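Presented below is the structure to which this report refers.
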Amino acid sequence: MGSTEDLDYPQILFQYTNGFLVSKVLFAACELGVFDLLLESGEPLSSEAVAARLGASPIGMERLLDACVGLKLLAVEVTREGAYYRNTEISNLYLTKSSPKSQYHIMMYYSNTVYLCWHYLTEAVREGRNQYERAFGISPKDPFGAMYRSEEEMLKFMAGQNSIWSICGRDVLVAFDLSTFKHIYDLGGGGGALARECVSVYPNSAVTIYDLPKVVQVAKERFVPSEERRITFHEGDFFKDSIPEADLYILSKILHDWDDDKCKQLLTKIYKACTPGGAVLLVESLLNEDKSGPVETQLYSMNMLVQTEGKERTPAEYSSLLQAAGFTEVQVKRTGKIYDAILGRK
């Protein structure tokens, strides 16, 4: 067994301690429009040119661009005339608003909502509850109050969720063969990106997005084309209102928002509404059974602490919730991406 001198503690601690600095550099560059400008320019630009076009200080912009170079988000070419910056491939693909795989909106949601809650992580650990009251003056009993605190923030949240499914939506939908399910309800389907992916993968199926009235209204106006006849909408609160009959119910990142009792309540309602031979598909980020990882899911679970009433769970924990509601033949598929799939049958 090696001595403690074998471990590079300073470097490890430096990386962990400065992780929040990396996040803020990324958020600031997105919010200022750095990556969009460099894509639209079609050529590398100096820091002075970027600063002038974005209304920023030359000193501040030069430091921001250099930090982005260090993070491999930008590349720089130094000539006799000075330094010229351009996007890297990853920035063009994920950080520009115009890219089909853009993650810009989820970055803005993290910057404006998630980050503020994490400021009170210590308090969340002490108290065991979300921090919306400290961060936004909103009741901790209203987990979506902060996300929907204004139409602007609601749009950011919905667009951010849509951007996630542009990357991994297909993976969770093909984890199991869902082609036999013709009538599908996407509970909490938000902006409809997963529903659109679903009717693309399974063209003989129809999907109904069930969400709060104000969310449905925005989805209709902003995200789901009116000509997409295979996607319909149902306004309501599925905890309080009835759930119509369907062959398959999709719960994507829903159960992790709630405690076990609330999850059992919802799953029991779904089981009663589900047609014989039907099923429920859970889309969640799964912990290892011994909760040793993955680290991304462990951090998501911390995020559930500061933002919601729920947590991330192991496959066995989700299976137990499904079985308690009456579902059988529970199957788990890890996709190798951010989110995994669990299928329970009636």
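Cβ coordinates come from backbone N, Cα and C, glycine included.
Remember, TrEMBL labels are computer predictions, not curated facts.
Going by TrEMBL, these are the annotated features:
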ACT_SITE  His256  active site, proton acceptor
DOMAIN    15-96  domain 'O-methyltransferase dimerisation'
DOMAIN    118-327  domain 'O-methyltransferase C-terminal'
Taken over the domain 'O-methyltransferase C-terminal' (118-327), the model's mean pLDDT: 95
Within the domain 'O-methyltransferase dimerisation' (15-96), residues counted as helix, strand or coil by DSSP: 52 helix, 13 strand, 17 coil
Tertiary neighbours of the residue listed as 'active site, proton acceptor' (same chain, Cβ under 8 Å, six or more apart): Glu284, Ser285, Tyr300, Met304, Thr308, Gly310, Lys311, Glu312, Arg313
